[in-house]
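Features of the protein shown, as given by Swiss-Prot:
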- 20, 21, 117: divalent metal cation binding site (BINDING)
- 14-205: domain 'RNase H type-2' (DOMAIN)
């Protein structure tokens with residue numbers, strides 16, 4: 001992936017942030033968002049980041065290799081976490097928006113433009129933004145944010161796997177796999193499960 005999209009904007013803007021989230025669909029764990037700003041005129045091949053892509057298309061090992069490199073070469077980056085109890089209270093969409101806004105607010109310097117993966121965004125600050133469908137596969141800064149969000153969340157869920165070994169969080173990361181649903185049926189929900197996410201498989205409405 002290249003920074004061609006950013007290059008088209010850099011003549012007039014220097015601080016462009018990509019943002020993306022991880023963890024909207026799981027039954028357990030937080031939703032995580034990341035924001036990344038690269039230096040103006042940054043070229044990925046000079047940093048060994050030309051293999052960057054949408055995090056879902058990358059192997060776990062490659063994501064883990066790329067994440068520290070992204071942090072090293074980014075001008076600014078930030079990650080924000082919204083826990084399951086907040087998700088249950090305000091719903092997953094609002095929690096995702098809050099995570100994205102918190103990530104942007106945590107950057108050491110505010111961006112002049114935000115590039116958002118998806119088709120909806122509700123900014124808290126008066127910063128211009130663009131929503132880009134499948135942006136994590138098209139825009140370098142968004143792809144970088146997707147990797148940081150995904151690796152951060154995976155680390156959280158792997159730790160939960162040690163705390164709650166019956167559930168296998170380190171394997172499915174909270175997503176509704178057959179083994180995860182069976183574990184909920186057998187052992188019930190943990191404190192890190194989202195109570196508002198109901199399971200038709202268990203007769204919940």
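Cβ from N, Cα, C; glycine included.
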### Task
Under 8 Å Cβ to Cβ from residue 21 (divalent metal cation binding site), same chain, six or more residues apart: give me those in sequence order, or none if nothing qualifies.
31, 32, 33, 34, 96, 99, 100, 117, 149
### Query
What mean pLDDT score does the domain 'RNase H type-2' (14-205) have in the model?
95
### Query
Around the divalent metal cation site recorded as 20, 21, 117, what other same-chain residues have a C-beta within 8 angstroms of the site's C-beta center?
19, 22, 33, 34, 100, 116, 118, 135, 136, 142, 145, 146, 149
## Note on the structure
Neighbour count check, CB within 10 A, over binding-site residues 20, 117; minimum at 117
